[in-house]
Amino acid sequence: MAMDGYLWMVILGFIIAFILAFSVGANDVANSFGTAVGSGVVTLRQACILASIFETTGSVLLGAKVGETIRKGIIDVNLYNDTVVTLMAGEVSAMVGSAVWQLIASFLRLPISGTHCIVGSTIGFSLVANGTKGVQWMELVKIVASWFISPLLSGFMSGVLFVLIRMFILTKEDPVPNGLQALPLFYAATIAINVFSIMYTGAPVLGLSLPIWAIALISFGVALLFAFFVWLFVCPWMRRKIAGKLEKESALSRTSDESLSKVQEVESPFKELPGAKASDDSAVPLTNPTGEAVGPSEGTSTGNHPRTAYGRALSMTHGSAKSPISNGTFSFEGHMRNDGHVYHTVHKDSGLYKDLLHKIHVDKGPEEKLSQENNYRLLRRNNSYTCYTAAICGMPVHTTFRATDASSAPEDSEKLVGDTVSYSKKRLRYDSYSSYCNAVAEAEIEAEEGGVEMRLASELADPDQPHDDPTEEEKEEKDTAEVHLLFHFLQVLTACFGSFAHGGNDVSNAIGPLVALWLIYEQGGVMQEAATPVWLLFYGGVGICTGLWVWGRRVIQTMGKDLTPITPSSGFTIELASAFTVVIASNIGLPVSTTHCKVGSVVAVGWIRSRKAVDWHLFRNIFVAWFVTVPVAGLFSAAIMAIFMYGILS
């Protein structure tokens, strides 16, 4: 059949396929590196660079297998033997429907399944073209079943792996020996899974034809070699690195203790920090470590040399003043301006912001019950330094309290302070930057002397509410510095392989219809017997990477931070188990959802770490989206197909 007259449809298909790949990159790639970014092992820029490499490689080596299922496994293409153009229009409609819904979801920061989109879109155009007889319902049932099997299987595997890691490494008094012994095994397992996948699926692309036992033997051999390399070189290097870090932290702690021992208590309503103005508007003098005064030029230097003020060491790095206190309970960063003041901004995602938010007591009347989201709004609405200072000093913040109230009626603010708060703090203004800095400094000193946490707890506790110790469900496990180093690079490696698996699985969602469209145009028939062209898979990989760079960060926040807190150890288990599930599914040609696998692993590990750590409201929304995506994408596709059949092609 002559297809020259329908070249415009092929060109349109290439354009829409790139947009579809863009939407896949903007939405689904967050599944691969979201946890790595959330745990802090890589920055967003580094994640984009690594994902671009591994997504493209995975799409070329693994994408052809799943593409066949998307092209032929959902509908019966033989029904279009006499209406080839109708099938071409259907493939274009499927890409439009899937792309539109994924772009909308990305704009709304809603993580959805790209597999759901393309399956729903394919069914949508088939229902318009041939009714229900065009759909292979048993194949659809298998695919729908895989949507539930994949999160359960991935979650189970992640949970078992995390329990083992916690039992043999995390809960040990010294996790380093067991962790170093397990590193070769972890690396070997990661390498073996992905080498087997490449050899099993990518061998035909590379011109190789090997039996499965040979592929398994090669994978096992490569994993053993890599494990030996890790044991011989990586483990000793990691041991030295951990020992050096612990020694450095010990030295910093001793330095901090020596500095704090020189602090002379000054009985004053409040103390000014370096960079702030004194009460008489004179500049606060700074002294160097030898006790000599330094001039203004030195006070605003951006060098890395330390300085001491009121007996407390401060270090300047690129104009930022950082507290040297090593316990990490309170910390602040300032930025120097020309007027000599140090200005501080607390961001919503910072640890200090969240720490202060937990310490603020919000008065709730019987007629006003504020949700957690309203608590955040209250903290942002009330002048930041007012709320922060009040939180540190133990002053409950009422919903009607404003910064102007504190300055205009200081006696009213005293009424809001509990009896346990010291007299000096009762007389302290809460609406200035100086008072905020003084409160932070005082709290840091008291924290080093001990008892500050108990003091804060007693000051901020509601007298009408009994104090409850955190239950086992509310406790959240934290990675120590040694564990963080052990799993740091390991999570990066598993995230890279997870991105590799995602490229192999989800490139078919964007390129599967385009491959069908191209093969129909090239061969003039619907059987599509030729192999998937590698250059089309590469084209899809480029589109996915473009979407990641432009819009990917919107959904990374949801997967990496909002659903549950991620640590390097938990992130490793999530990445490895979900990647294993996706790679196995890709090799058997089952289009599972990487979103479902990752969500299942994140929820399972988060639930094991802490019963209250999982955002079940967000999980419910994601679960609902699994059901909404198929019909919505199908409706978009059906609408476009109706335009083709009853308008353009009629």
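Glycine is no exception: its Cβ is also placed from the backbone N, Cα and C atoms.
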In Swiss-Prot, is the topological domain of PHE168 the same as that of LYS612, meaning both on one side of the membrane?
yes
With Swiss-Prot open, pick whichever of ASN81, ASN130 is annotated N-linked glycosylation site.
ASN81
For the topological domain 'Cytoplasmic' (27-46), what does DSSP give as the number of helix, strand and coil residues?
14 helix, 0 strand, 6 coil
Tally of DSSP helical, extended and coil residues in the topological domain 'Cytoplasmic' (105-109):
3 helix, 0 strand, 2 coil
Chain residues in Cβ proximity to the transmembrane segment (622-642) (below 8 Å; excluding those fewer than six residues from its ends, i.e. six or more beyond):
89-90, 92-94, 96-98, 100-101, 105, 110-113, 116-125, 127-129, 147, 563, 593, 595-596, 599
Segment-segment contact (the transmembrane segment (531-551); the transmembrane segment (214-234)) at 3 or more Cβ pairs under 8 Å:
no
Surrounding residues of the topological domain 'Cytoplasmic' (105-109) on its own chain - C-beta under 8 Å, 6+ positions past either end:
23, 26-27, 551, 554-555, 557-558, 625, 629
Find the average pLDDT over the topological domain 'Cytoplasmic' (164-192) in the predicted model and report it.
88
